[in-house]
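Peer 1: Copied straight from TrEMBL:
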| type | residues | note |
| --- | --- | --- |
| DOMAIN | 1-216 | domain 'Putative ER transporter 6TM N-terminal' |
| TRANSMEM | 355-372 | transmembrane segment |
| TRANSMEM | 384-400 | transmembrane segment |
| TRANSMEM | 407-427 | transmembrane segment |
| TRANSMEM | 433-452 | transmembrane segment |
| TRANSMEM | 459-479 | transmembrane segment |
């Protein structure tokens, strides 16, 4: 959560200084990258929260307190992502408008210079109509917001954005003090009380900023666009600026409200936590309900930002079934035997069923030689267990994932083999294997492997696991052979 809060501060940092200022417009690719990083960090947090009720933990916050942060955090992430998408859409729209108008001007100029017949572009009529619409919406200053409105808007939103940044900073510091200072450099009571008071001050500033921004922004829009609502001549060119101002006001107000809710929950839990204690698993009913739930997704770390491509197909089938029922088409009542046969057929032809069958076939095919007396020796000498692990971790649904996973596991295998050789020769040198030396060097190597497992990016975890397995196999086989 601490990393997510830090990333959420980036969209707020350039919010008030980019409206209408072309010289300070951020790169759209950079905004898209920030958008993807926020979503990826949030998805990395979900598996840990899902298994909190089943795990032991040591700290000031128990599973219930940490799980209570999920919904406020989700609301803040959604609000700031909407604000970020507002900037992306606004900047992309301005760039696209300039390109279309420039292209139209060049075509008009070329048509006046030469009378030669030019090949018609696909969609030329629609582009011409779009140019006329953009010309009508574009203001006289070639920007959506006049400069005087931009200056007042920046001044009005400055306190609100600063209050949000202060609130997110206080939230991050509370989480950091509880999560990272449990054993070493424990915070004294005075420091904890000071941080709590700062969080309450930031919470009060958020309340004042919300009411002040809502009042000032509304007065600003009414004061500038009053001629368009008092029955006088309506300037159509100002409608776009009015819409942008109202949308910006709505996004900032939602961001302030949800940041306030997150800070309130975190600061309350921070104040109520009395000391570090051992937290036992709170519920095993969650595991049972998840295991027997139909079409339940495993709470694993998502390696990509995009959603599952098979999910759209499942939703389409469900919508078609509801449409048929609404039209009076009722499914036939099949016998239990028929439903069992049909369900078995669907399972064997689905992606999940085929994947399970392949896993069973590979495991049996590569595991049987290890238990047959005539092939057990060959299986042991040729490291058949390593081949079984490689085959099991290499079974993936999509070809792109299989290719990337294969390359990652090969690199992890080489790295694990090198670490295994280093551990063996450092711990035993030229001898038959010194248990004390191997124990000392294994402690260092296992710390490295544990760090790789915990902090490696999700898309490289399989390579790290394969490296750890290869490391253990090299050391274990070397010790057994000597």
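Easy rule for this one: first residue shown is 1, then count along the chain.
Heads up, the Cβ atoms here are built off N, Cα and C, so glycines get one too.
Annotations in TrEMBL come from automatic prediction, not curation.
These numbers come from a predicted model, not from an experiment.
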Peer 1: So are the transmembrane segment (384-400) and the transmembrane segment (459-479) touching or not, going by 3+ C-beta pairs under 8 A with a sequence gap of 6 or more?
Peer 2: yes
Peer 1: Should anything in the same chain at least six residues away from the transmembrane segment (355-372) have a Cβ under 8 Å from its Cβ atoms, list it; otherwise answer none.
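Peer 2: Same-chain contacts beyond the flanks: 348, 378-380, 384-385, 387-388, 391-392, 395, 397.
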Peer 1: So if I exclude everything within five residues of the ends of the transmembrane segment (407-427), which remaining residues of that chain have a CB under 8 angstroms from its CBs? That is, six or more out.
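Peer 2: Residues 390, 393-394, 433-434, 437-442, 445, 448-449, 459-460, 462-475, 478-479.
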Peer 1: What mean pLDDT score does the domain 'Putative ER transporter 6TM N-terminal' (1-216) have in the model?
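Peer 2: Summing pLDDT over the domain 'Putative ER transporter 6TM N-terminal' (1-216) and dividing by its length gives 75.
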